[in-house]
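Visitor: Below is the structure I would like to discuss, written out as structure tokens.
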Amino acid sequence: MALLLLLLYLVFTHLAILQHAVSASFNSDFDISWGSDHAKIVDNGQQLQLTLDQSSGSGFQSKNEYLFGKIDMQIKFVPAGSVTAYYLSSQGDKHDEIDFEFLGNLSGDPYIMHTNVFSQGLGNREMQFNLWFDPTADFHTYSVLWNPQQIVFSVDGTPVRVFNNSESLGVAYPKNQAMRIYSSLYWNADNWATRGGAVKIDWSNAPFVASYQNFNAQACTASSDCSASSWYAEQALDSSEQQKLEWVRKNYMVYYYCSDTKRFPQGLPAECPR
């Protein structure tokens with residue numbers, strides 16, 4: 001009897017962790033949070049579209065809050081002069097956040113992918129990369145692996161950034177606050193976001209549509225236990241993943257806060273390599 005109860009517990013725990021991975025419906029997993037007349041869910045819940053024109057942008061958020069997980073989203077972006085934010089965040093002044101932002105550039109020039117991590121309301125941990133493909137031409141997968149040891153940002157399965165837990169150095173790490181998934185297509189960010197305002201939106205091509213599909217969250221809600229999941233205990237990239245990470249950093253990284261000594265004249269943040 002005790003063995004049966006244990007098996008039932010493990011089964012229900014596993015289902016709680018994977019329920020969002022198998023539902024894969026924007027109708028059940030997300031709400032339009034602003035610009036409701038500029039956003040819609042189509043294809044029987046399989047795709048969500050955010051629209052930008054001269055009157056407004058739009059955004060959405062997840063119905064559930066997650067505390068650790070492996071989260072994937074396929075996104076197709078819009079042209080120059082726009083900013084698309086895709087991130088996880090808790091609430092309040094001392095919020096935690098895991099942040100992707102995508103800054104549109106001139107046609108033919110690389111799209112800039114901006115990443116950041118906030119812990120207890122403190123960010124300033126930016127890394128930026130030129131994407132090595134045109135993210136407006138097709139869907140690509142943008143992923144976050146978040147566990148107690150590390151946060152890994154990936155694009156199409158290629159790791160681009162690892163933020164390790166450095167609490168032993170006195171650095172706060174996001175591990176206690178559950179976060180929702182958010183995305184917004186900003187209205188007319190061409191006055192600051194793309195080359196400092198040098199790249200303007202060509203409104204003759206509006207409306208612009210950013211599309212999302214194949215959401216997959218092997219993640220835990222605040223009330224479920226992730227410790228049995230394989231990704232929960234991962235502490236380091238394997239050799240192949242490490243090679244891919246180094247390839248991205250060598251060829252496509254355009255800003256790294258740990259290299260910006262002018263920004264931190266009193267010394268680089270504690271988590272930066274010495």
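For all residues, glycine too, the Cβ spot is worked out from N, Cα and C.
As the structure is a computational prediction, the values presented were derived from the model and not from experiment.
According to TrEMBL, the feature signal peptide maps to 1-24. Sequence annotations record features per position, and here TrEMBL assigns domain 'GH16' to 20-212. Annotation source TrEMBL lists active site, nucleophile at Glu97. The active site, proton donor feature in TrEMBL is assigned to Glu101. Residues or ranges marked as N-linked glycosylation site by TrEMBL: Asn105.
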Visitor: Provide the number of Cβ atoms within 10 Å of the Cβ of Glu97 (active site, nucleophile), excluding the reference atom itself.
Guide: 18
Visitor: Mean pLDDT for the domain 'GH16' (20-212), rounded to an integer?
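Guide: Reported value for the domain 'GH16' (20-212) is a mean pLDDT of 89.
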Visitor: What is the separation, in Å, between the Cα atoms of Glu97 (active site, nucleophile) and the residue listed as 'N-linked glycosylation site'?
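Guide: Here the two Cα atoms lie 25 Å apart.
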Visitor: Have a look around Asn105 (N-linked glycosylation site) and count the other CB atoms within 10 A of its CB, chains all included.
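Guide: Neighbour count, Cβ to Cβ under the 10 Å cut-off: 20.
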